[in-house]
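Student: Sharing a structure, written as structure tokens. Questions coming.
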């Protein structure tokens with residue numbers, strides 16, 4: 001009997017260790033996705049200047065991430081529980097990494113960044129907006145701006161950034177709902193709060209690292225590696241300075257790709273913590289029926305997801321929308337994140353123009369908040 005108990009204890013230990021591996025991998029995935037989000041939100045001003053696009057278009061690009069997330073979040077959360085959740089998370093991390101690569105692609109297609117020569121004499125007046133540096137402070141508002149204040153049409157390569165942001169939002173969709181549900185299904189009730197606390201800690205570390213990375217990349221010129229330092233005639237406090245925004249997003253892409261690797265090797269389900277496997281004799285009796293009916297059960301599961309689950313999906317949404325407490329919580333969350341995202345995305349530009357701070361300093365100040 002003692003020899004028969006040893007495999008069960010080993011299986012239990014192996015299951016618990018796999019759950020810990022899943023927690024570690026999920027924490028790294030949380031760090032990667034929040035780090036990418038914080039980095040992108042702090043680098044929109046650099047993208048705006050390089051591609052010469054208006055701030056209103058930058059807002060659309062910023063919102064494209066939520067568009068990609070919104071397209072899949074309800075379906076992934078509802079149907080994903082019946083599928084292989086670790087592999088879906090791994091696929092999401094891979095798609096997230098691919099979206100980051102798409103975002104950085106315009107830099108390599110754009111060519112070298114050309115500094116506007118029309119405002120070269122005003123490089124020390126970086127506090128003022130670029131389109132007002134050559135205007136008199138006492139000019140009438142009805143006067144037309146001078147030709148020196150006009151900008152050339154912007155590049156259309158920003159479309160790659162928007163598409164990459166949509167793909168990034170789609171890739172981030174399964175990480176949180178499926179990861180948390182997987183932990184709660186196979187963790188002890190007393191251990192579940194600790195595991196969730198580890199994930200919340202990761203969501204705090206991720207933005208901190210993202211802002212530090214953005215601040216470091218903003219100090220580097222955008223054409224890093226292709227332009228000599230002696231050829232750069234402006235400093236980081238100049239209004240025309242564009243940091244190496246593409247470098248950090250490549251680092252985020254690598255981190256997200258590495259974070260998804262462990263999920264490919266984790267099982268679909270585990271034995272719940274504190275529970276033992278079935279006896280070896282019972283497991284031998286059910287091996288044959290499982291092998292014979294394995295294919296039919298898989299087909300029934302896919303059929304259930306395609307038809308049965310879809311049939312109950314719309315009533316499930318209606319029940320949620322009719323819940324006043326849930327809808328109030330959703331409205332409060334929307335207001336909270338709208339204010340937060342707006343400040344993170346556009347506050348660096350305000351600090352640059354109104355207080356003469358460099359992009360690196362502005363991003364660092366936002367990160368300290």
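Every residue, even glycine, has its Cβ placed from backbone N, Cα and C.
Not my notes, these are from TrEMBL:
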type: DOMAIN; residues: 22-369; note: domain 'Major facilitator superfamily (MFS) profile'
type: TRANSMEM; residues: 21-40; note: transmembrane segment
type: TRANSMEM; residues: 60-81; note: transmembrane segment
type: TRANSMEM; residues: 88-110; note: transmembrane segment
type: TRANSMEM; residues: 194-222; note: transmembrane segment
type: TRANSMEM; residues: 243-265; note: transmembrane segment
type: TRANSMEM; residues: 325-347; note: transmembrane segment
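Provide an account of the burial state, proximal residues and distances for the features listed.
Tutor: Note on the transmembrane segment (21-40): residues 62, 65, 86, 89, 93, 96, 100, 103, 165, 168, 172, 175-176, 179, 182-183, 195, 198-199, 201-203, 205-211, 213-214, 248-249, 252, 255-256, 258-260, 262-263, 266, 344, 367 of its chain, located 6 or more positions outside it, place their CB under 8 angstroms from a CB of the stretch.
Counting same-chain residues at least six beyond the ends of the transmembrane segment (88-110), those with a Cβ under 8 angstroms from any Cβ of the stretch are 26, 29, 32-33, 36, 40, 50-51, 68, 76, 80, 155, 157-158, 160-161, 163-175, 178-179, 222, 245-246, 249-250, 252-254, 256-257, 259-264.
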